[in-house]
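Noted in TrEMBL for the protein shown:
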type	residues	note
REPEAT	10-42	repeat 'ANK'
REPEAT	127-159	repeat 'ANK'
REPEAT	220-242	repeat 'ANK'
REPEAT	258-287	repeat 'ANK'
REPEAT	288-320	repeat 'ANK'
REPEAT	322-354	repeat 'ANK'
REPEAT	358-390	repeat 'ANK'
REPEAT	424-456	repeat 'ANK'
REPEAT	461-485	repeat 'ANK'
REPEAT	528-560	repeat 'ANK'
REPEAT	561-594	repeat 'ANK'
REPEAT	631-663	repeat 'ANK'
């Protein structure tokens, strides 16, 4: 009662399975009981596909014999229609007919049965491949002979431009034999492998003897020689080189890439050896400027490197982009054996110090990637430990960045100079501090003491390793530096390590500095008179503000421009810092800077509405509200010019005068104009508006005018305060901004 054509999840019926495993008697039983021979299974294949694919000729004959008893031959189309109801040339979902499957399977008896039953040997699959392509690809000599004898076109190309010769040259018969056996070293399988290899060789030879053109290129420009090199088939490669004089030109060609490159890239040392013995120039380059030796080194194929170097390939040819040589590639990838071979080629005495486009030596690249064995080898072979790149950075700088202790120790053992400086004057100690490598830093500090104990170790901007550790938040490194020299903060740039810590929101290092150095550093000033409290206010660092104020920082201290921390926060729009300084620190809002600007002036000048409203919320003092700066501008002038409607309203509600004029003779209403000419025109129009409104309506009139001038206010440039009101931190932050870029490489 079972269903004879029931299918598994792949669509295969019992008949498919029987055909796949060659069970002829089972096939007879199933067919006798009505099994559908035209039922499609996996990939829409018929049972006949599977029988011929796996080379079961008896099963093939059985499946065909049922149809042949009742075959109908149309006089018009000459089609052979099986009794099962399908054309023998019906393809699967990849366009492959049963003849394609038979050619792939390699059983010539199955192939002949299909050909005698009317199979079309010119039928192409979805990739444009004929059965001859499949026979050639699988190295099936007898099937190839049969198809060619039957009239198959020997130079017909598929959709990629590949002929059967391309496939035969790339035949992977040897690898397939290994994969089927499961153990490439099994002595019992060796005769089978040898037989397969011979058959594949005969297949290629037959194609060449029967008109296959080895000079034909596929759509990528590859010939059969390229395919033989890419797949490492030495015998096929030798045959192609022997039987066609055109092939030598293909070997030399780099369009799109030479066979030499393909063999090297894929690690086929035997094929590479054949090519190396044929070529005069082994340093031919691809479109990126890479030689075969470069590719072999980059891929880590030591055997290929040995073949090429022994035949005279140069280790100093540079690729185009980074100007790397094979030595650079070997060092960067940690290929110690290849590196050894390249150095021993003896091409040049200073071969280990060859530089790339950035001035980097192989030693630097080995250090950067932490390849200790390569580092030791290069140093032993004479690589210069103190060689510097175009930015003045040595291998020791790179070791400090990567944190590889073994690499650093090797450099120091070869007398690398610990106080070497890059183009910004930074030593490896700076880099170790910035990157937080504690043990590296400890080692470098000890080495520096023995080298030059009087060196202050500051860079060209005056920053010490303590600045860098503080800015980057590396507390363990900072602790070591404080133990090493607690007074280092007094050296170099007066923008102290505490400034660096709070401006970069590094609360841990800031607290360490305050606890270690106390009031001496809390109220210290940089070259522009700014304290760490200014820096914390600039960075909107509330924890930093709290820490500094707990340690007696002066809340209203001014810098050389007369700015307090409150002014700094107001000008930069840091609402949280302004709120903290006003409500908790009780900062003085009446302090004037050198241009007589208050914090309210500064907040309005940069359009920071919330900061201005916070300050106004703390005062009803008309003296502050109507305070004029050195340009005679009141906060109302500036707020109006910048379109801060809520601030204007708050100022007017607190009694701000609308008739005061600035140094250009403009009232706050005229300040809304985008430029002086427009303001003058507006003043002329207003002067003709008689009678003037009563005094008590002036405020309302001015506010309505502000609304009417809203478009002008929005397009007006932000009113710059006189004499350089721009925050000095914004310009350069006294060099602190540059700290985070020091080790970007």
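Cβ coordinates are placed from backbone N, Cα and C, and glycine is handled just like the others.
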For the repeat 'ANK' (561-594), the DSSP helix/strand/coil residue counts are 16 helix, 0 strand, 18 coil
Residues in the repeat 'ANK' (631-663) per DSSP class, helix first, strand next, coil last, are 16 helix, 0 strand, 17 coil
The answer for the repeat 'ANK' (561-594), taking Cβ pairs under 8 Å and residues 6+ beyond its ends, is 528-529, 531, 533-534, 536-538, 540-542, 545-546, 549, 555, 600, 602-603, 605-608, 610-612, 614-615, 618-619, 621, 623-624, 627, 723-725, 727-730
Outside the repeat 'ANK' (528-560), at least 6 residues beyond either end, the same-chain residues with a Cβ under 8 Å of its Cβ set are 495-496, 498-499, 501-505, 507, 510-511, 514, 518-519, 521-522, 566, 568-569, 572, 574, 576-577, 580-581, 585-588, 591, 593, 727-729, 733-734, 736
Here the mean pLDDT of the repeat 'ANK' (528-560) is 97
